[in-house]
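Worksheet for the structure shown next.
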Amino acid sequence: MFLLPLPAAARVAVRQLSVRRFWGPGPDAANMTKGLVLGIYSKEKEDDAPQFTSAGENFDKLVSGKLREILNISGPPLKAGKTRTFYGLHEDFSSVVVVGLGKKGAGVDDQENWHEGKENIRAAVAAGCRQIQDLEIPSVEVDPCGDAQAAAEGAVLGLYEYDELKQKKKVVVSAKLHGSGDQEAWQRGVLFASGQNLARHLMETPANEMTPTRFAEVIEKNLKSASSKTDVHIRPKSWIEEQEMGSFLSVAKGSEEPPVFLEIHYKGSPDASDPPLVFVGKGITFDSGGISIKASANMDLMRADMGGAATICSTIVSAAKLDLPINLVGLAPLCENMPSGKANKPGDVVRAKNGKTIQVDNTDAEGRLILADALCYAHTFNPKVIINAATLTGAMDIALGSGATGVFTNSSWLWNKLFEASIETGDRVWRMPLFEHYTKQIVDCQLADVNNIGKYRSAGACTAAAFLKEFVTHPKWAHLDIAGVMTNKDEVPYLRKGMAGRPTRTLIEFLLRFSQDSA
């Protein structure tokens, strides 16, 4: 048996223990079909011994205390999110990964605005499951670590990687709960994480594959398989024209790919007449910037400029799987923003569905143009709430980075509900201003009722939100600018590098709580 990492001083002890058959000769000699992830807490006092979780204690007893013995000689106590792997301790598990959970009993951190204990579990379990995946073991049992939902989220989110177009793929690892714990909470965590992974998949897929039409087809397939209480309408260009969505059409006309207006319904309420919550998502499947073309550096990331549509549609798919007793509508205007002889030109004036005219001074501020018409249409459902999500502005990335989604809302009630949900999920939100100060900058327009960019360079996220507000009359509306959380580099430890699918879990949690409050 050998252990990584292992201090030189411990190698002698390991060999001595090995002679006494405290564990087997190595992973090759064991059954390489299943691994185990177990948690351990940090020491509360300097003289204390680190404490295993209940599952960890039970396993240690099962192997006659060998796990703690080899853990003690293998190095210093594990810090939060760190792992240590052992082999051959038990015939059922070829590898056992012990993961650091941080402080036992950690709760809500009012400065961080999240539940520290849940975040520690997600990060630790993700790290442990990846160790199992790196060993090419196809199955892992996961310690619930005191919160089976958070553990499931860590496992499912942490194992996901988009490698569908590669010849060499990572081993697919099946994660399940270790022991007879809270299976309901585990399955709920799997569902939450799978919803976020669906959004990650949609955002990561190259734009030549994930066209507006293909996006709509993927959502239709997922929603229909989630519940029989669903309807999907894939609206063609002719329907968009009938709806007089001139602002949306002005963006779409620059591309050879036909636009689609995706409309999805989940009818979970026992009262069919119960007004729905309406979600609207920006669906630019590739954003070149149009005539106001972007710099080539990192333009490939603009395959994910439909992140708003991806998150709201994935949220509704997840709500359908949860069988929530509420009615939902999802609206996603889908198109590409491309330069061509037919494309919008700076200085053009277009007319939105509500009759307002828009001066298009920057064709790279196109997301707000397609959202304007979708928000107007959202009001026709007499909704309880309207929430839109969009990778709308680089200014939001500058303001908050990947720390939180920026929320602009005209309702403190709605803000509080979103904020409370985000504390639970760890996918944070932060309230931004909707001052009249910003509205003045976009309605002071030479040629039209409103300009698609502000008068000044400053506060671009705020002027974009002020623009959207011109197409909203509902008293409970929130605009989520998710540009800063679109990708993950290394900021969220339980997400691999790539498209993040945020804040899907926060929106699912918001709906779960809303349905419980309405019951």
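Just so it is clear, glycine is given a Cβ too, placed from its N, Cα and C backbone atoms.
Features as listed in Swiss-Prot:
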type     : residues                           : note
MOD_RES  : S42                                : phosphoserine
MOD_RES  : K45                                : N6-succinyllysine
MOD_RES  : S54                                : phosphoserine
MOD_RES  : K61                                : N6-succinyllysine
MOD_RES  : K103                               : N6-succinyllysine
MOD_RES  : S180                               : phosphoserine
MOD_RES  : S194                               : phosphoserine
BINDING  : L202, M203, T205, R303             : Zn(2+) 3 binding site
MOD_RES  : K221                               : N6-succinyllysine
MOD_RES  : K221                               : N6-acetyllysine
MOD_RES  : S238                               : phosphoserine
BINDING  : K282, D287, S292, K294, D305, D364 : substrate binding site
BINDING  : K282, D287, D305, E366             : Zn(2+) 2 binding site
BINDING  : D287, D364, E366                   : Mg(2+) binding site
BINDING  : D287, D364, E366                   : Zn(2+) 1 binding site
ACT_SITE : K294                               : active site
ACT_SITE : R368                               : active site
MOD_RES  : K455                               : N6-succinyllysine
MOD_RES  : K455                               : N6-acetyllysine
MOD_RES  : K476                               : N6-succinyllysine
MOD_RES  : K489                               : N6-succinyllysine
MOD_RES  : K489                               : N6-acetyllysine
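Positions of the features from Swiss-Prot, shown on the structure.
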residue : record                 : Cβ within 10 Å
S42     : phosphoserine          : 18
K61     : N6-succinyllysine      : 12
L202    : Zn(2+) 3 binding site  : 27
S238    : phosphoserine          : 8
K282    : substrate binding site : 30
D287    : substrate binding site : 25
K294    : substrate binding site : 16
D305    : substrate binding site : 26
D364    : substrate binding site : 19
K489    : N6-succinyllysine      : 10
Pick the one among the recorded positions S180, S194, S292 whose Cβ has the fewest other Cβ atoms within 10 Å in this structure.
S180
Going by DSSP, is K221 (N6-succinyllysine) sitting in a helix, a strand, or coil?
helix
Residues that sit under 8 angstroms from R368 (active site) by C-beta distance, when 6+ apart in the chain:
A390, L392, N452, A464, F467, L468
Largest separation between Cα atoms (Å) of residues that the record links to substrate, namely K282, D287, S292, K294, D305, D364:
19
For R303 (Zn(2+) 3 binding site): intrachain residues, at least 6 apart, with Cβ closer than 8 Å:
M203, E204, T205, P206, A207, M210, T285, F286
Return the count of C-beta atoms lying within 10 angstroms of the C-beta of K103 (N6-succinyllysine), excluding that atom itself.
14
Most Cβ neighbours within 10 Å: which of the modified residues K45, K221, K455, K476 is it?
K476
Cβ neighbours of E366 (Zn(2+) 2 binding site) where a neighbour is any other Cβ within 10 Å:
31
Could you tell me the C-alpha distance between K282 (substrate binding site) and K489 (N6-succinyllysine) in angstrom, no decimals?
23
Out of S54, T205, which of these recorded positions shows the lowest number of other CB atoms within 10 Å of its CB?
S54
Rounded to a whole angstrom, what is the C-alpha distance between D305 (substrate binding site) and K455 (N6-succinyllysine)?
24
Between L202 (Zn(2+) 3 binding site) and S54 (phosphoserine), how far is it from one CA atom to the other, in Å?
38
